[in-house]
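K.L.:
Here it is, the structure, as structure tokens.
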């Protein structure tokens, strides 16, 4: 168990009693996640308006004792879609960050009735608890003691990050031994002081997560999950984190072996296919010259929309895509996978082609459970490479035996034969798409081999799936990759070949390094990917791959939605070294953008356009809903007071711009928010509609800058002037959506079935709308609001509210005032005389970042008032144009999330560009903390207080007045 405390196990309807005695030298407590409790057993200190006797649990002094009591009621146990035991944790919450970094963390397992034996162990199930954490020893209470005792050198405030599993680093965790013919339950916990993503990979074995077959498990800090495994091979295997940042180690104290654990598995029997197929492929690794933007550069730069991309495209062209004395340009020597017809390697069957939408990707490999791949691989490159699958458990090479296959190097001109068996544990479950997306790659040096270009798609399908007559019109393959040409094996050759003055190149120059970062889709930048043309009503499978990335990518499909895990979405969250399969019904005519929401990635070239053409003029019956919205500039106070350095910081009051709703199209009488909308804060008005309705928004820009309204999840209406069939392929035109100061625009959105909750989802679901003239700057200036879509018959037609349900919309966002359009205005207005602000100063820039919920920080958000035992629905939004992940925790209020099935959770991981809908029945009255558990956000103020009241004692208005 390592650093973990004892595992606390309980079944539904049990009572957990913890007698806690503090034998340490400073105060601590015990605070649980994922369960409900009364105030006297919370173990967390904050202003919750409780009496002194109710605060004794918050801080237990040295040599003090306290008894915590947690009742595990029915509403805390696993649901039908969950594992037998839910994973959560307990920790000390006196100072959440410093207590954790000092070592106080343990696991809680809440199980279904009959799961545990008399000893508290799971029946017929092996059980392992693993804590993946980045521990910052510089934030431990014992830093000074450790510095003296262990003679630790270096500055006191320098970070000392330990990338660890159960507190062990550098492969030092003792072996995890698994037994024959026994299923394994992995209880995984992710915690940490930095917002790092953990991508946990069990080599050689497949996993089941909430009914889905997965190759790896992605966890953000303060996340808990349970996964199942059926060990399939007797051997030692590696457990690792695939995040390249963790593997390479950014801290000198740790090396690339940080997450490596050897595990012993025993053989178990597997079911086989009646008539297995051996798929034979003859593949080579070859070197070629690759052009990231061949014939499309001038054409694309001419057509770029001036509002957003022209400046970044020009900068990209001048710094990266044009060759000059000390810049390589857009052509690079790379290595690619090429397929031939037979073992003579003379007739090419498939070769990466700049005229193909697959671009730089290798040939597509397809197979079913029970099949075998036979890959005859010849290395025609000038250095060692190999070819290995990601996500298959039974692989071997003829010349290497069964061991160290991944590390086997194939020398130039050498030929080897690989055998990959597709086992049951590799294939999709009934909850998965019929074919899951994986990839193959060279792993001699994973980072440098992939930077050089060696990667290709692989589809692993259910039995007989490839023979079934399934209505799918086409498949498209996407590789989202930041090709770092500085790490390519050919960087020196590229400098010599393409730079006009190679001797003048300084490889350590940051601008030279940046010029070699290619933010690409299939090896194409700046919307130059060809042949992404579709017909209306076509069913499309997108097979999406992400390679060696440090960050997650949130891929946004403009104008279309797709169904994934039982609900419709338009943003696909992708993790390092992962693949996803989504099915999309092309139901919206136009030319649409495919891009990551991360503004840095999209502005530097990771964008592609796809076109949907008219094939069917059938119209659906819609009902109109009209909204009158404008933009207004005003001064907003952001939460709490901050310490002022006179003339060096702006404080907590800023000029911003917000969406304001009006009664009619005269825009004279604003809609006044009532007590149910008070919590919205900086958010614009809630736009709510049911499926098959039409939303009409009349938008007047009363601000001083151009803005617009762009909505996720709904279809656009095509103006009459674009109804000609030939014109439809160039709609929408972004520049025509922009409303300049004092200009009025009309937006018409169709709420289709792809916008609405499915029959497996809750009654309503969240989307969002915002200005997208420059999405990053517009949102940080304040222009964003919630868009709620409901099933037919859900809403009260008078109030547009859902009866008997309390609803709250929460935007979790670090507002960066440095990116606001009004930074200069704010300096002029709010900098106290004499003003000594330097906008480029790191201290000043840091002071302008506010970690907020709906624009409020540090428990100042008003209006979060809910009745005990009444259904509450929360709409959670994260529109960070970066890789920020928020872990949303409701103290004492577990909640349910729905996908294909319903799942119980204690912390909700909100990825960039994601919109979460959760429901709960609050059972414990009192003031409760709602916060982001990622320490950097939590400490900086991403916290709020909610109030649960007894409706038999007070009305909502009485409680609201008292709370105000």
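Cβ from N, Cα, C; glycine included.
Under the heading domain 'Plastocyanin-like', TrEMBL lists 3-110, 359-463, 854-944. Summarising the annotation, TrEMBL assigns disulfide bond to 85-111, 435-461, 535-615.
Mind running through what each feature is packed against?
P.N.:
In the domain 'Plastocyanin-like' (3-110), helix, strand and coil residues by DSSP number 15 helix, 37 strand, 56 coil.
Residue 111 (disulfide bond) carries a strand DSSP state (E or B).
Mean predicted confidence for the domain 'Plastocyanin-like' (359-463): the pLDDT average there is 90.
Counting only same-chain residues six or more apart in sequence, the Cβ atoms lying under 8 angstroms from the Cβ of residue 461 (disulfide bond) belong to 366, 367, 368, 369, 427, 428, 434, 435, 436.
The secondary structure of residue 535 (disulfide bond), as reduced to three states from DSSP, is extended strand. Around the Cβ of residue 535 (disulfide bond), a 10 Å sphere holds 16 further Cβ atoms from the protein chains shown.
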K.L.:
List the Cα distance (Å, whole number) between residue 535 (disulfide bond) and residue 85 (disulfide bond).
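P.N.:
Just about 46 Å between their Cα atoms.
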K.L.:
What's the number of neighbouring CB atoms sitting within 10 A of the CB on residue 435 (disulfide bond)?
P.N.:
24
K.L.:
For the domain 'Plastocyanin-like' (359-463), what are the DSSP-based totals of helix, strand and coil residues?
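P.N.:
Its residues fall into 10 helix, 43 strand, 52 coil.
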K.L.:
For residue 85 (disulfide bond), which residues of its chain lie six or more apart in sequence with Cβ-Cβ distance below 8 Å?
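P.N.:
Long-range Cβ contacts: 9, 78, 109, 110, 111, 112, 115, 122, 185, 187, 226.
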K.L.:
Taking the Cβ of residue 111 (disulfide bond) as centre, how many other Cβ atoms lie within 10 Å?
P.N.:
22
K.L.:
Just give the helix, strand and coil counts over the domain 'Plastocyanin-like' (854-944), going by DSSP.
P.N.:
6 helix, 44 strand, 41 coil
